[in-house]
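Attaching a single structure in structure tokens format; questions to follow.
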Amino acid sequence: MASPSELATERSHSKPIGIRCWEYIKRAKLSYKTHQAVVLIVTFFAYTTYHATRKTTSIVKSALDPQSSAAGFKFPWRITYLSSPAETQRRSWVLGDGWAPFNGSDGTALLGQLDVAFLAVYAVGMYFSGHLGDRMNLRIFLTVGMIGTGLFTSLFGVGYWANIHSFYYFLIVQMVAGLFQSSGWPSVVAVVGNWFGKKKRGLIMGIWNAHTSIGNITGSLIASTLLSYGWGWSFVAPGLLIAFMGILVCLLLPVSPESVGADRQEEEDDDAVDSPKKKREGVTEPLLGSHTEMKENAVGFIEAWRIPGVAPFAFCLFFAKLVAYTFLYWLPYYISHTGILIYFNFLILIDSLLILFSIHESAAIEGKYLSDETAGNLSTFFDVGGVLGGILAGHISDRLDARAITAATFMYCAIPALYFYRSYGHISLAMNIALMFICGMFVNGPYALITTAVSADLGTHSSLNGNSKALATVTAIIDGTGSVGAAVGPLLTGYISANSWSAVFTMLMAAALVAGLLLTRLVVAEVAARISETRSQGRSQSRSQEPELNV
């Protein structure tokens, strides 16, 4: 068994070099609260860059396959690539030219294949990432994932300067990028979960989860701003940004209190105030309790699935992400190719902000067409609504102590929100903004809650008996299952929309309904617990009043 001095030396070497330099300059150890602040800030900006790189594809999609009056003269990419004149494959690209092989007659299908391939690899990689994350140093694991993501995101853009027109080049690059992207979410949630107990976790993580929307907005602004200089820059700039942030993660991120020798007593004292509540929840110890001996063996994949609540929330997220990612990957493209249809109420699909995100040609609202820049700026209101929705869902679930009730209610409210946006979003610009904001709030609210606070709660469930090595695995299972839905949604949309957009909208609203219904058993259990608690409090109050009445 290692001596205290040996343990102290080991912790010192495991500290990030940035933390060691900070403490050397300060001539004192950093407090627990300071470490928590560093964790929140570093992981926030880390995952912001993940989403910024992920959003780029939907912005550039319309530039790769623009709407053209000469569309009828286009040929499949293989024919175009092999037989088109050299001047059509010139390097001096101009916005509106398109890019082979995506500007052929099957460009839509090819872009769809890129999206599905990325999301499929991302979903599968998520399961393995969680398994590895619980067995590795999360700081190193996250750093490798971010630098790898930056490299392969940039390589996609390099195709512009290298004059690459091979579909398989872009397909392979996207798949590898998806694999590296899968390292992000399990890692950041596990690190945040290591530093924060259950007290106010919903609110804290709701605010922290704003990185998703901010990342989408940042990625959209960067990609759209640089698009006129050549679409390659729209990939390279976000790629360099996430690689730089990966270096900062390596220098600054403390994985857990134990890894840096931080004193958890202050956090334990705060959590002790809520001990009655914790007993009712089945969580009697703070996250990674310091007074119990940690289990060395990480939780297995099957064992993690058996944790109560993991499966219902995982399948709920499957349908929630099916809705969100259908908007993310297909709505901008279809709007750019059927802009006039928005005026005739096809705006409906707009649900997920990303809706107007890379509108290449125009979108008619109030009978007027919007420019690319205006449409892109307008779409950010969905993300703004998503930020508010995530915070509200976290705060409400904390106050009610009811994660399932909150998530299910938001999903049910998303159904009429989508319908009204479809039906009335075209009436005026103000109406469009208001309905888009509401859609973002109800769609992203439960999405944020499940992928953050719920995942952290289940990763520290009482059935684990204090085992700390489950957070990344549970997070990966929940978000990985959701990511499968994220791949299925865009794929189904590509086929269904060829026959009927109304059918696509029906599918999305039905998915929101199913997402809510999957939590029914948990909702009933939470309602029963609230009723039982209320009755218990009523009996306690009546007993306390009896002596006074006797007197």
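Using the three backbone atoms N, Cα and C, a Cβ is placed for every residue, glycine included.
Note that the structure is predicted; figures quoted are calculated from it, not measured.
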Have a look at 76-97, 208-229 and point to the one annotated transmembrane segment in TrEMBL.
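When 76-97, 208-229 are checked in TrEMBL, transmembrane segment belongs to 208-229.
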At a threshold of under 8 Å on Cβ distances, which of 140-162, 208-229, 402-421 pairs most often with the transmembrane segment (378-396)?
208-229
Relative to the transmembrane segment (208-229), which of 30-50, 140-162, 235-255, 402-421 accounts for the most Cβ pairs at distances under 8 Å?
30-50
Excluding the flanking five residues on each side, which residues at least 6 beyond the ends of the transmembrane segment (501-524) place their CB within less than 8 Å of a CB in that stretch?
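Residues packing against the transmembrane segment (501-524) from afar: 309, 312-313, 315-320, 322-323, 326, 334, 341, 346, 348-349, 351, 403-405, 407-409, 411-412, 414-415, 418-419, 422, 443, 446, 485, 489, 492-493.
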Which bits of the chain, at least 6 residues beyond where the transmembrane segment (30-50) starts or stops, bring a Cβ under 8 A of a Cβ in it?
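Same-chain contacts beyond the flanks: 19, 22-23, 142, 146, 149, 181, 184-185, 188, 191-192, 195-196, 204, 208, 210-212, 214-215, 218, 238, 241-242, 245-246, 248-249, 252-254, 257, 260, 262-267.
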By a Cβ-Cβ criterion of under 8 Å, what residues six or more beyond either terminus of the transmembrane segment (433-456) are in contact with it?
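Those are 185, 189, 192-193, 196, 198, 201-202, 205-206, 208-209, 212-213, 287, 309, 313, 316-317, 320-321, 323-324, 350-353, 355, 378-379, 381-390, 392-394, 397, 403, 406-408, 410-411, 413-414, 417-418, 420-421, 424-425, 471, 474-475, 478-479, 482, 512, 515, in sequence order.
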Apart from its near flanks, which chain residues at least 6 from the ends of the transmembrane segment (140-162) lie with a Cβ under 8 angstroms of it?
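For the transmembrane segment (140-162), the list is 46, 49-50, 53, 56, 91, 93, 99, 129, 132-133, 169-170, 173-174, 176-177, 179-184, 187-188, 191, 230-236, 238-247, 249-250, 253.
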Restricting attention to the domain 'Major facilitator superfamily (MFS) profile' (39-528), give the mean pLDDT.
75
